[in-house]
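Enquirer: Here you go, one structure.
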Amino acid sequence: MVDAQLTDLYGTVVAVQANFYQVRLDSAVMGENLLCTRRARLQKIGQSVMVGDRVRVEEANFGDQQGAIAEVLPRSTEIDRPAVANIEQILLVFALAEPVLDPWLISRFLVKAESTGLEIAVCVNKIDLGEPEQIEVWGDRLAGWGYRPFFVSVEKNRGFEALLAQLNHKITLLAGPSGVGKSSLINCLIPEINQRVGDVSGKLQKGRHTTRHVQLFALPNRGLLADSPGFNQPDINCLPEELTFYFPEVRARLALGNCQFNDCTHRREPNCVVRGDWERYQHYLEFLEEAIAREQSLQKTSTKESSLKLKIKEAGQETYEPKLANKKYRRPSRRGKNQDQERYENKTLQDIYNDDSE
């Protein structure tokens, strides 16, 4: 390890916890991770620091493996749920079994991913629990939806060559329902990282959440993989008129011709080129009703969600709950900051990850 102080180093934020940031440097000291704080001037101008941010680090001390983030470079992309920057593609992970593939749930994840405008890849894990006929059927089915899936088995270590090629030299966000094997997938792609693995629970066939914070992992092919906290059902919070463009099947139909009306909802309007016999049309109609209901609810609140927050239950039912009033807190004392620093300065990145599992 180099015991020196350098200035103007650049790197990527790979983890955020409390008021500290793990930065993976991309300079001559490749592979070094520094535990950094954020400069006070960044706080004053309201500059947040997110996982995935490209940052400039000052006062790097490789003896203590510490530094200070002095600048956050412009972001190419930004996702708020989970909070991560500069993602280039989303890898949606599902399971062929345990839990079983649910077309409606897959559609929700696909629509949510499409709304980001990022490239989308689909991975189906646990193919060792199914039959070859199932794999073929789902391959054709997802292709009909506009996606080319990668079929893998973490248990049997199968199918990873093509998947790694897809992840090569990209920053990828991993997402999908809980219990499909995302943590096991990361363990297989990056053996030196030991992610907690949760079993699939009982009758509901839903996985237990094993990831609590967004983290970036370095892949052997120079890509970066962001593991997001598992969740069972993403929300549909787009505008009704935007939903059409989040289905590749609809985009393909509109590329061949236009509907008679510019504001066509593709339900009962005459001369509609979208309405018809395509598999996910019913999913589109259900999500459209959800988007319309959400928009109407927002219009009824004069403050546009300023005092209410939207909650979506597992059945897709929307409810609004009052937001907690904002509170003013005292500025953290210097002594408290020093105590936090002492607790973190001797920790490795793996130690911080292990804290999440407690």
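The backbone N, Cα and C atoms fix where each Cβ goes, glycine too.
According to Swiss-Prot:
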type     : residues                                                                                               : note
DOMAIN   : 76-234                                                                                                 : domain 'CP-type G'
BINDING  : ASN125, LYS126, ILE127, ASP128, GLY176, PRO177, SER178, GLY179, VAL180, GLY181, LYS182, SER183, SER184 : GTP binding site
REGION   : 319-358                                                                                                : region 'Disordered'
COMPBIAS : 325-336                                                                                                : compositional bias 'Basic residues'
COMPBIAS : 337-348                                                                                                : compositional bias 'Basic and acidic residues'
Enquirer: Of all the binding-site residues here, ASN125, SER184, which one's CB has the most other CB atoms within 10 A?
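Expert: In terms of Cβ crowding, the pick is ASN125.
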Enquirer: What kind of secondary structure is SER184 (GTP binding site) part of, going by DSSP in three states?
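Expert: Helix, per DSSP.
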Enquirer: Indicate whether ILE127 (GTP binding site) is helix, strand or coil by DSSP.
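Expert: For ILE127 (GTP binding site) - judged by DSSP and reduced to three states - the answer is helix.
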Enquirer: Return the count of C-beta atoms lying within 10 angstroms of the C-beta of GLY176 (GTP binding site), excluding that atom itself.
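Expert: Other Cβ atoms found within 10 Å: 28.
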Enquirer: Using a 10 Å radius around each Cβ and counting other Cβ atoms from all shown chains, which of the binding-site residues ILE127, VAL180 yields the largest count?
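Expert: That would be VAL180, with the most Cβ atoms nearby.
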Enquirer: What number of additional C-beta atoms lies within 10 angstroms of the C-beta atom of SER178 (GTP binding site)?
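Expert: Counting Cβ neighbours of SER178 (GTP binding site) within 10 Å gives 20.
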Enquirer: Counting across all protein chains shown, how many other Cβ atoms sit within 10 Å of the Cβ of LYS182 (GTP binding site)?
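Expert: Cβ-Cβ neighbours of LYS182 (GTP binding site) within 10 Å number 30.
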